[in-house]
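Annotated features, as they stand in TrEMBL:
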type     : residues : note
DOMAIN   : 66-263   : domain 'ABC transmembrane type-1'
TRANSMEM : 7-29     : transmembrane segment
TRANSMEM : 66-89    : transmembrane segment
TRANSMEM : 101-121  : transmembrane segment
TRANSMEM : 133-153  : transmembrane segment
TRANSMEM : 174-196  : transmembrane segment
TRANSMEM : 248-267  : transmembrane segment
Amino acid sequence: MFDVCNVFFMLLLMFATLYPFWYVLIASISEPGWIAMTRGMIWLPHGFNLASYKAVFSNPIIQSGYMNTLFVVIVGTALNMIMTSFGAYALSRQHVMLKNAIMFMIVFTMFFGGGLIPSYILVTSLGMLDSLWALIIPVAVGSFNLIIMRTAFQAVPVSLEESARLDGANDFTILFRVVLPLSLPVVAVMILFYGVSHWNSWFGALIYLRHREQYPLQLILREILISNSTDSMTVDSGGDKLQVAMTIKYATIIVATGPILLLYPYLQKFFVKGVMIGAIKE
């Protein structure tokens, strides 16, 4: 009986998780008028209309948003991995001085942040205001991710490091040729964590960026959702403007979430193993 209830609950949870994505996908390729008049659940598209996707991809603001987001994700994730790997490797070695004090300061930042105003003043004083670098440099290292990677590096046998040093390897060689190859699951998980964080980030852009041509995709999506909500209060529900705006909204959501959803299956095999390796020290 327990197994039946457990399976039923998991199926219900899976449905509650997947149906919103299915609804948005179906609504984005259906006729705008039918979507505006339909209430309740929908399972299959009514007609097949890709006009909303054409409108999305032909919009120069969305095109620039995609390029800005890709720049932040690629450059930001690369910088995150470099800084996190170097820091985690240094803090995982036994001979590092003041290692415990440094770890205490890192953990301290997880519970007590500087606040929005000091962060804004710091970004402004560094000359990064109204620049995409304001979305990358201040978050170059994640405290939680650093701790996970440090724990994973500590699980690498010390004998391998000693053997490499006998062969004349320095710390950079040990990191890139010994430690990182043995920690690939954790590295993949860190890339996933950092990449998803950059892809979904919009608040930093809202605070630090002034020009719309520099906006990332998620901030543009936020503007579209707010604009569509405003139109729904000022335009009759049967109006063509609102009908088209609804399908464009759904198409933009698919375009904004699709790439990161497609990335998960390729990294899923590393996910559980990487988190477990980084969470448990042998």
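Cβ atoms are placed via backbone N, Cα and C, with glycine included.
All TrEMBL annotations are machine predictions without curation.
These figures come from a predicted structure and were not determined experimentally.
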Handout entry: Best-contacting stretch, by C-beta pairs under 8 Å, relative to the transmembrane segment (248-267) and drawn from 7-29, 101-121, 133-153
Key = 7-29
Fill in the blank from the handout: Spatial neighbours of the transmembrane segment (7-29) not adjacent in sequence (6+ beyond its ends, CB under 8 Å) are 35, 41-45, 48-50, 52-53, 246-247, 250-251, 253-254, 257, 261
